C-alpha cells in the first residue's frame, strides 16, 4: 500500500499531458476549414546551399491536404485564437510554440569573410553534405568555404575585406513560433516531376547544362524540417585600424552596439549600468552620436512579419520597443524561416531511378564549383609576419607604434629618412677652408655626421634614419652646419628649418655663408595618408588573389 501511495503521489506531481494540436478530420470538416497553417510554403521549398537563397520553387507538393480516404489533418493554432487550420499531407509534427518572444540580443564576432559565411550557414541544423561528394581537399595553407559562401551577407563581407581590414559584429534577435517537418516520402510537385522527366539519364559534360537548369530552378537541396518565426540580424563591419586610431577596439564597439540594440527592442533600460558605461565611452572618445550612427557599414536581414531588410529594427529609424512589439505581434500570421534542415534533391527520386545518381553527381559538381578558396600563401606586407594561430592572418610585433593587428596606434606617424647632404660656399676659418659637420634634429632626436676637413664645398653620404616619428607634432626638421674647432668653441655656420611633409622632398637652404642641400623622405605608416599623415587610408588586399582550383576566391 505504501508503494502504491508513493507512486500515486509521483503521478500527481507529473505535469498534465498537453493535448496534441492536430487531429484527423472528416471530409465535411476538411471542407469547412479552408486556411492552411501559417508557413506551409516553407516545407519542401528548394534551397541553393551555396547562396542560402530559397528558390521559390517546390519539389514537394504542399498544396494537397486530402488523403485517399478523403480525410485530412486539422490543427488548432493556439497563436491565432485556437483557430482550426489545414495541414498539408506533406507535413508532419506541426507544433506552435510559446506566444511570447524573448527579448534578447545575441552577438557574434568574427574577423574573416569565411567566418561570416560559416555563421550564415549555422542556421542549417543538419549535415547538408550527407550523400554528396563535397569534401574539398585543399592544398596546404588554403581555406575553403562552401555553404553560404555566395550568400548576400558573405558577399557583403568579401567586398569589405577587399577594401580594408575589418572585424564583423552581428547582433541577432530571433523568435520561434512554429515547427514542423516533412512527412516520409512526401508527394512530389507536378512541375518537379515534369522537370525530372526531361532530364537525361546520365550526368556528363554534354548533359551538364540540363542538370544546371534544374538546379537553377529548384536549388541543390530542399527543406525537410523548419522552425518558423522571425529574425532580425544586423552585421556591422568595423574597420579595425580606424578603430585603433580612434582609441577603441572592435570588441568595445561591438559590446556597445549590442547594448544599444538591447535598448532599442526594450530588453534593457537606458539607465542600465552597461548603457551608462557606453555613454561615458562616447564622451571619452568625443563621439557625438550613437555608436550605431558612427559605425554604420551594415548588412540588415529581417525575416518574418510585414517588414523587409530596409526596416532595421535594431539600429534604424524604426528601432523602438513599440515597433519591435508590433513586429513580434505580426509573426504568428506572417512567419518566415528561422532555421531548417536540408536534404539534397536527389533523395526524392527512387533508388532504382538512374537519374537519382546522375542528379547526385550534378549537385556535387555544382556545389564544388561554387566553393570559395582563400589562398593563405599570399605574402604579408613588409614588417608583417604570418600568425602562428592562423596562416591566413598577417600580424605585427606589438610596439608603441603599432599593435598586433599592424595598425598604427595614433595619427601622424611616418618613417623619416634624411640623406644626400651637399654644402656650397661655406666660410668657417680665416686661414684654411672649413672643417664642416652637420647636426640634424627631429622629434627630440639628434644625429651628427663626421667632419669633412678643409673643404668649403663638402658633402656627406650619411643616411639618417629617424625611424617612426610623429610628423605633425615632432617640430621642425632642423639641419645645422658647424665648423669644427676644439669642440667647445665650434662655430654654427647656419640653420635650416623645414616643416616636414609626407613624400620625397629636395631642400635647398641659404646659410650665413653658402647653402646646404639635402633630401628627406617621410613615408606615412600603413593606414595613414595626407601631408602630415593625419588622415585614415584604407588598406585593401595586397595584389590580385591567386587563381583558385575550382571556384571563386575570396
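Glycine residues also receive a Cβ, built from the backbone N, Cα and C atoms like all the rest.
What Swiss-Prot lists as disulfide bond is 22-75 (among others), and the listing cites similarity to another entry. Sequence-distant neighbours of residue 22 (disulfide bond) (same chain, six or more apart, CB under 8 Å from its CB) are 73, 74, 75, 76, 87, 94, listed in sequence order.
Within 10 Å of the C-beta of residue 30 (disulfide bond) we count 19 further C-beta atoms, all protein chains included. Sequence annotations record features per position, and here Swiss-Prot assigns disulfide bond to 30-72 (among others).
Summarising the annotation, Swiss-Prot assigns disulfide bond to 101-175 (among others). Under the three-state DSSP scheme, residue 175 (disulfide bond) falls in the strand class.
Feature annotation from Swiss-Prot assigns N-linked glycosylation site to 204 (among others). Residue 204 (N-linked glycosylation site) falls within neither a helix nor a strand when secondary structure is assigned with DSSP, and so counts as coil. Just so you know, the Cβ of residue 204 (N-linked glycosylation site) picks up 11 other Cβ atoms within 10 Å once every protein chain is counted.
Cβ neighbour count for residue 407 (disulfide bond) (all protein chains, 10 Å cutoff from its Cβ): 21. As annotated by Swiss-Prot, disulfide bond applies to 241-407 (among others).
The disulfide bond annotation in Swiss-Prot covers 376-392 (among others). Residue 392 (disulfide bond) is surrounded by 17 other CB atoms, counting those within 10 A of its CB over all protein chains shown.
Residue 394 (disulfide bond) counts 20 other C-beta atoms within 10 Å of its own C-beta, drawing on all protein chains shown. Annotated disulfide bond per Swiss-Prot: 380-394 (among others), in sequence order.
Around residue 396 (disulfide bond), a 10 Å sphere centred on its CB holds 18 further CB atoms from the protein chains shown. As annotated by Swiss-Prot, disulfide bond applies to 396-406 (among others).
What Swiss-Prot records for 400 (among others) is N-linked glycosylation site, and it gives sequence analysis as the kind of evidence. For residue 400 (N-linked glycosylation site), applying a Cβ distance below 8 Å and a minimum sequence separation of six or more within one chain yields 409.
The Ca(2+) 3 binding site annotation in Swiss-Prot covers 429, 435, 483, 484, 485. Sequence-distant neighbours of residue 435 (Ca(2+) 3 binding site): residues of the same chain at least 6 apart with a C-beta under 8 Å from its C-beta are 428, 429, 451, 452, 453, 454, 483, 484, 485. According to DSSP, residue 435 (Ca(2+) 3 binding site) is assigned to coil rather than to any helix or strand.
Under the heading Ca(2+) 5 binding site, Swiss-Prot lists 485, 488, 490. DSSP assigns residue 485 (Ca(2+) 3 binding site) to coil in the three-state reduction, placing it in neither a helix nor a strand.
For residue 496 (disulfide bond), applying a Cβ distance below 8 Å and a minimum sequence separation of six or more within one chain yields 478, 479, 480, 507, 509, 511, 516. Under the heading disulfide bond, Swiss-Prot lists 496-509 (among others).
Following the DSSP three-state reduction, the secondary structure of residue 524 (disulfide bond) is strand. Residues or ranges marked as disulfide bond in Swiss-Prot: 524-533 (among others).
Residues or ranges marked as N-linked glycosylation site by Swiss-Prot: 548 (among others).
Within 10 Å of residue 394 (disulfide bond), counting CA to CA, the disulfide-bonded residues 406, 407, 524 contribute 406.
Residue 72 (disulfide bond) carries a strand DSSP state (E or B).
Of the chain residues outside the Ca(2+) 5 site list 485, 488, 490, 484, 486, 487, 489, 491 have their Cβ within 8 Å of the site's Cβ mean position. Within 8 Å of the centroid defined by the CB atoms of 429, 435, 483, 484, 485, the record's Ca(2+) 3 site, lie the Cβ atoms of 428, 434, 436, 451, 482, 490, 491, excluding the listed residues themselves.
Close to residue 407 (disulfide bond), meaning Cα to Cα within 10 A, are the following disulfide-bonded residues out of 175, 380, 392, 396: 396.
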